Amino acid sequence: MQFFFEVLIGGLLSGVMYSFVALGFVMIYKASGVFNFAQGAMVFFAALTFVGFQEMGAPFWLALILAFGAMVLLGIATERIVLRPLVNQPHITLFMATIGLTFFVEGLAQGIWGSTVRGLDLGIQDEPIEWIMDKAGILVSSFDLFAAGVAAALVTLLALFFQYTRVGRALRAVADDHQAALSIGIPLQNIWRIVWAVAGFVALVAGLLWGARNGVQFALTFTALKALPVLILGGFTSVPGAIVGGLIIGSTEKLAEVYLGGYVGGGIDSWFPYVMALAFLLIRPEGLFGEKHIDRV
Amino acid sequence: MNTTTQATPAAPENYLSINNIEVIYDHVILVLKGVSLTVPKGKIVALLGANGAGKSTTLKAISNLLHAERGDVTKGSVEFKGTRVDQLTPNELVKRGVIQVMEGRHCFAHLSIEENLLTGAYTRGNSRAELKQNLEMVYHYFPRLKTRRTSQAGYTSGGEQQMCAIGRALMAKPEMILLDEPSMGLAPQIVEEIFEIVKDLNSRENVSFLLAEQNTMVALRYADLGYILENGRVVMEGDAKELASNEDVKEFYLGLSSAGRKSFKDVKHYRRRKRWLS
Ligand SMILES: Nc1ncnc2c1ncn2[C@@H]1O[C@H](COP(=O)(O)OP(=O)(O)OP(=O)(O)O)[C@@H](O)[C@H]1O
Ligand SMILES: [Mg+2]
């Protein structure tokens, strides 16, 4: 049973990462109708940029701020160079554009910072916490606890931002009805830039946590593809769906790997989430929390 | 009909004027073929016409919302208070005091009524106190919205949504509202209620209105002036009362006439004649 919990906690942690990537997708999709395939590449870009600045001698906070600045610039450039010229084009065109963007961002990141695997040190110990070990006999790393705390703080911050600020309200308005938002004078392009910046920030946090655990390397972009089953599970427009979906995918894939892996030859965490998402798709196509369509409007 | 008492400035005719505009959708579909109209300060002007006449297109040409629908103003100009506004973004236009309430209301379905109203103040960047004051002003005119302030807009009735859409526009403190088909799909007494409020806003808050309506009879009762649009052209214009008593208008837009309803053939004949004249 202790082992079960240890696997579960490890799974939930990778689930948090999936959640963050999915969250970036959901925000951009809701606000601009763009399915941003490049979200995973953005996570990679963010982490690499942070490490790059650190290697140049920047202290933690400065590197964080610079990396965030880079993400904001990337978001603004994307809106200006890729999305704005394609406004009013079919969704598939925009989707293809973000696939192109993915390769560009990956290339750009490696072009600037090189392609060697880097370590990322957040200064958080990755050791079992003793009192949990003593009390429950479960190995919980202090890093895991830290990551969970950061995740909870970020989600709370985003929720407050969307719910109670003028810009947050405008973001939700744009997600509901572009045309109407435009008609009352909400500047869509500003809103899109803000959304990309927020998505960039989420990508940065995900990249840092992930990079600190597994090193900053190209494989990050593949892991970020796990956000797809998360989106299918959670629904493309639901913020809570992205979070809960990520946790479910993360924990079940690890549990499946440990408990079922032996029967099918291991390595099932690479495909199990997709099978689960597909099965789920058949039962509930709108996703776990797929936003209810209001028919009266 | 003259309930507005405020003194009009030197050139009231130049408040909002559209001069000979032509609109083309998708680079090929010519929809407005040279429309001119003016809205004097403090007046309610009705823009009337059948389905597809180009009423909504005219309003969107003013508010610069055509671009999002692949429409372009290819000729003519729009002026507000003596300056050209045709190249402004909707955001800039709202800041100058002209705002559109779109056909079909377009409330933000997942936002509460009050949140909807608050989004209307986006361009103003009001303080908390000002926001509260403006909300109270809107609730004063639309007491129903106050009782439904926490409901998700998507679940409120059509009338409430229309009120929400107008209230949301009011939060931007506009001088001029372009109101597109407020009566659409609403029961007659709700329509009356909404038009009464429009009239009230016009006389007490000094908001001018350009009102697109298919419901000719009601619109002419509340408007000061009217324009009748047909196939992208203005075919008749004048004082609302005169238009309402004009035999041709009665016959073909109100469906009443002293000689009873005429046949469709006569209507066609009339329309052709009218087109030649215009
Ligand atoms: N986005 C568009 N692309 C192409 N044609 C359009 C577009 N929008 C409107 N039209 C056409 O322009 C004409 C005028 O439309 P408009 O919506 O302005 O009419 P309307 O007078 O508002 O009619 P209604 O009373 O039905 O609202 C119609 O023939 C319509 O088919
Ligand atoms: Mg219309």
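Don't overthink the numbers, they just go from 1 along the chain as shown.
Any Cβ shown, glycine's included, is placed from N, Cα and C.
Curation does not apply to TrEMBL; its annotations are automatic.
TrEMBL has this to say about the protein:
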| type | residues | note |
| --- | --- | --- |
| TRANSMEM | A:7-28 | transmembrane segment |
| TRANSMEM | A:34-53 | transmembrane segment |
| TRANSMEM | A:60-82 | transmembrane segment |
| TRANSMEM | A:94-115 | transmembrane segment |
| TRANSMEM | A:136-162 | transmembrane segment |
| TRANSMEM | A:191-212 | transmembrane segment |
| TRANSMEM | A:224-249 | transmembrane segment |
| TRANSMEM | A:261-283 | transmembrane segment |
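A contact between the transmembrane segment (A:7-28) and the transmembrane segment (A:261-283) is absent, since fewer than 3 of their C-beta pairs, 6 or more residues apart, lie under 8 Å. Of the Cβ pairs linking the transmembrane segment (A:60-82) with the transmembrane segment (A:191-212) and spaced 6 or more residues apart, 3 or more are under 8 Å, so the two regions touch. Sequence-distant contacts of the transmembrane segment (A:261-283), counting only residues of its own chain at least 6 positions beyond either end whose CB sits under 8 Å from a CB of the stretch, comprise 226, 228-230, 232-233, 249, 252-254. Remote same-chain residues near the transmembrane segment (A:191-212) are listed as 16-17, 20-21, 23-24, 27-28, 31-32, 36, 39, 42-48, 50-51, 64, 67-68, 71-72, 74-76, 78-79, 83, 118, 120-122, 124, 143, 147, 150-151, 154, 158, 161, 167, 170-171, 174, 181, 220, 223 (criterion: CB distance under 8 Å, separation of at least six residues from the stretch ends).
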